[in-house]
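Annotated features, as they stand in TrEMBL:
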- Gly33, Ala34, Ala35, Gly36, Asn37, Ile38, Gly39, Asn127, Val151, Gly152, Asn153: NAD(+) binding site (BINDING)
- Arg114, Arg120, Asn153, Arg184: substrate binding site (BINDING)
- 27-174: domain 'Lactate/malate dehydrogenase N-terminal' (DOMAIN)
- 178-340: domain 'Lactate/malate dehydrogenase C-terminal' (DOMAIN)
Amino acid sequence: MDSSATTRRLQHLSRHFKASNIATPPVRVTVTGAAGNIGYALVHMIGQGRLLGPNQQIILTLLELPMAKDQLEGTMMELRDCAFPILKEIRGTTQYDQGFMGCDIAILVGAKPRGPGMERKDLLAANARIFKEQGEALEKYASRNVKVLVVGNPANTNALITAQFAPSIPKSNFTALTRLDQNRASSIIAQRVSANVEDVRNIVIWGQATVQQSGISYTVRGLVADDAWLQKAFVEQVAKRGGAIIEKRKASSAASAASAVCDHIHDWLIGTDNGTFVSMGVITDGKLYGIKEQVCFSFPCICKDGNIKVVEGLKWDQFQQSMIDKTLKELLEEKEMAFSVVVTK
């Protein structure tokens, strides 16, 4: 696969997306765990144009485990029955070589869920092996400029492992999904201050954001005027939202996660709006907000021409810094557990 050609194709897509009548070559997109709850919702959203717009043709590959072959075939049947115009080709496979061959975008949804009685270290170990294998497969088969989004939890650590085992692909091409938390936080804040969700901007999930009202930008902290709510109830609602959905639906959130995936990839490749940043898990380089350890951490980011840039110079109060420190500690513990299973030779 000519990586320079892939780069030009993605940059062309980014620059010219808004001129929707301009044709671009098909983009190869691979989704793992494609027949699972999130994957099932996601592949239909991709067919609707949520990922790269309504005019960008896609060659879509659905990758699943052999034990899910029937579900995979059923999902493909439904996709074809939808007759989505942008899906130039729909492929299904249970093999990594066929799944990742030449792909431009890899969305890694499939992961082992936590079962009854399973300890955290056992879950980390199981998923570390899965994402090690996927990193090796991307290294061997994917475009050198493939854009990788890890969705399967723990997404940040899984993204770090995947990147570790695909050394010829830039680490800046590996990201983890944190947009779902951003979307949840935006919705909760919009409800709290009686605003439209699209007017909640530049959110950091611990309560820093702005709200546009009558053409004026207000801080969420000023509008809410309740630090106790922002630092406790709000944070808990975001963190526990997934569990609350499971309690009500008797199934995990799927459509909201799939929608967040589309938001993430769309902003990454098409670009963020001027003056707007979004939450993305990116691999640190030792220069970001004092985080010197190499982890995949959620930062406010802006995107242009398929490149991600962390927003610099934001100030954190004592509470926000404590949350950053707590998250970093947890990620370093996860990293140590996971990498103890897949130590590089």
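Backbone N, Cα and C atoms are what each Cβ position is placed from, and that goes for glycine too.
Computed from a predicted structure; not experimentally measured.
A map of TrEMBL features onto the structure.
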| residue | record | Cβ contacts under 8 Å, 6 or more apart |
| --- | --- | --- |
| Gly33 | NAD(+) binding site | Gly39, Leu63, Glu64, Leu108, Val109, Gly110, Ala111, Gly152 |
| Ala35 | NAD(+) binding site | Leu62, Glu64, Ala68, Gln71, Leu72, Gly74, Thr75 |
| Asn37 | NAD(+) binding site | Ala251, Ser252, Ala254 |
| Arg114 | substrate binding site | Arg120, Leu123 |
| Val151 | NAD(+) binding site | Ile38, Ile107, Leu108, Val109, Ala111, Leu177, Ala257, Val261 |
| Asn153 | NAD(+) binding site | Ala111, Asn127 |
| Arg184 | substrate binding site | Gln237, Val238, Arg241, Ser256 |
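Of the binding-site residues Gly39, Arg120, Gly39 has the largest number of other Cβ atoms within 10 Å of its own Cβ. Taken through DSSP, the domain 'Lactate/malate dehydrogenase N-terminal' (27-174) splits into 68 helix, 28 strand, 52 coil.
For the domain 'Lactate/malate dehydrogenase C-terminal' (178-340), the model gives a mean pLDDT of 92.
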